[in-house]
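Engineer: First, the structure itself, so that you have it in front of you.
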């Protein structure tokens, strides 16, 4: 797939997302009204209406698929098909995570969503959960239950934390670990060389 075809798919995907969120909001409107949610489920905080999804979902889709396109189609990079598979896999895993998180929350299990979010922290050390496809999948997975704004906010925070862990903490620990291993092996070699 070349960049022009990917651009066309981006537009189709954004159109599909727009139609989907519009259909969901219209269904909600005619079946009891469009829900609103308190930030962090705290009644002292303001309500955010799911109507915002009609703006957020299309714009977020276009922005994040643009970021994906720029990462996949770099000049002189021959790994496009491998990167595309990684993007699809990351999107599907994040979509599943968002659906599961929303399911547990809607089912009344208040503990499991917290454990799932905390479980992302060690995963962020090994996997780049900060990428655009992960945020997009997470938001899509939670939109039916929470609308688009709250998942986007929570997902953006998780992206920042994940980027900090993967891009800053991980290299620092690897660097320090490699220095300790090298210094340990050099001390061992020096002490081993002194024996006769």
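Cβ from N, Cα, C; glycine included.
As the structure is a computational prediction, the values presented were derived from the model and not from experiment.
Okay, so TrEMBL annotates it like this:
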type     : residues : note
TRANSMEM : 12-30    : transmembrane segment
TRANSMEM : 50-66    : transmembrane segment
TRANSMEM : 87-106   : transmembrane segment
TRANSMEM : 112-130  : transmembrane segment
TRANSMEM : 142-169  : transmembrane segment
Engineer: Mind checking which residues reach the transmembrane segment (87-106)? Cβ under 8 Å, same chain, six or more beyond either end.
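Structural biologist: 68, 71-72, 112-113, 116-117, 128-129, 131, 133-142, 144-146, 151.
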Engineer: So what's near the transmembrane segment (50-66) in sequence-distant terms, Cβ-Cβ under 8 Å and 6+ beyond its ends?
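Structural biologist: Distant contacts of the transmembrane segment (50-66): 10, 13-14, 17-18, 20-22, 24-25, 28, 34-37, 132-133, 135-136, 139, 143, 146-149, 152.
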